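Report on the following structure.
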Amino acid sequence: MGRLILEHTLQGHKGRIWGVAWHPKGNVFASCGEDKAIRIWSLTGNTWGTKTILSDGHKRTIREIRWSPCGQYLASASFDATTAIWSKSSGEFECNATLEGHENEVKSVSWSRSGGLLATCSRDKSVWIWEVAGDDEFECAAVLNPHTQDVKRVVWHPTKDVLASASYDNTIKMFAEEPIDNDWDCTATLTSHTSTVWGIDFDADGERLVSCSDDTTIKIWRAYHPGNTAGVATPEQQTVWKCVCTVSGQHSRAIYDVSWCKLTGLIATACGDDGIRIFKETSDSKPDEPTFEQITAEEGAHDQDVNSVQWNPVVAGQLISCSDDGTIKIWKVSE
């Protein structure tokens, strides 16, 4: 069994902290929360400290933040129904674009692998795809409305321009651009959860997806492409996603976030029972029937709900978490 070792506990935000995001280089991260501010933290020696506070971009809670793949831009999604784009072109971070269009709170934001596309989703049940049209210019490429409820999360595929979204309607949906007419379409609906799907994340090559839900389970989904050797039918030559594993019994309350480490293959969960749990694929796992085991759990990782967890993209086994308790914690997993 592994261990989750606490390395740092950080404070600075007022109120609950909703989101944390590692910079692609892994030596800086950003945090956001109820206080309408974004904090950018960096490591000096062995001490993490706030380097910058961005407090003039939003009028309400900031729900999520994400760095662009190049690390030059930061996008923030807010309950004020806008998404702000920040960059450091002049030496200091400033808000260079504000994306408007959603009718209600923006819940999530995600950059595509190339950084040329941005996705947002909202309580208004819609998913928007934006194209980067030039310096600080973004054009709406699609407004997608297949969900019947609040959309909680959007995440781009790590190697393709394929988008996944998770919703209060208990489903996950996949979107891709039709090559003929360049229209964005919903290409798959993933149904198995029995309550809100809070979080989703792809594995390193994007052939599998993990989801977490209010139903206290995590599920592993596998992509079956046209011509697959497993004999899974693919109507209309579209990739089919099947739930190949359900992990249940470890969480006592809603699971709010899940992160699939691209370096180690470990899965981390953030739970409403104040805990963080780490899962690993077993050595005898089969492609069409994978099995995962919990290798460690920190039951009282925070004093209140854990809202977000994210693996460091560079430092293997380093995990960051944030909570309603107003703290950010940095952990190290030892297997």
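Using N, Cα and C of the backbone, Cβ positions are placed for all residues, glycine too.
Pulled from Swiss-Prot, these are the features on record:
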REPEAT    12-51  repeat 'WD 1'
REPEAT    57-96  repeat 'WD 2'
REPEAT    101-140  repeat 'WD 3'
REPEAT    146-185  repeat 'WD 4'
REPEAT    192-231  repeat 'WD 5'
REPEAT    250-289  repeat 'WD 6'
REPEAT    301-335  repeat 'WD 7'
Looking at the stretches 12-51, 57-96, 192-231, which one shares the most CB pairs under 8 Å with the repeat 'WD 4' (146-185)? 192-231
Count the Cβ pairs between the repeat 'WD 2' (57-96) and the repeat 'WD 5' (192-231) that lie under 8 angstroms and are 6 or more residues apart in sequence, then report whether there are at least 3. no
When you scan the chain for residues with a C-beta under 8 Å from the repeat 'WD 1' (12-51), skipping those not six or more beyond its ends, what do you find? 57-67, 69-71, 74, 76, 78, 86, 93, 304, 307-308, 310-315, 318, 320-328, 330
For the repeat 'WD 4' (146-185), the number of residues DSSP places in helix, strand and coil: 0 helix, 21 strand, 19 coil
Here the mean pLDDT of the repeat 'WD 1' (12-51) is 97
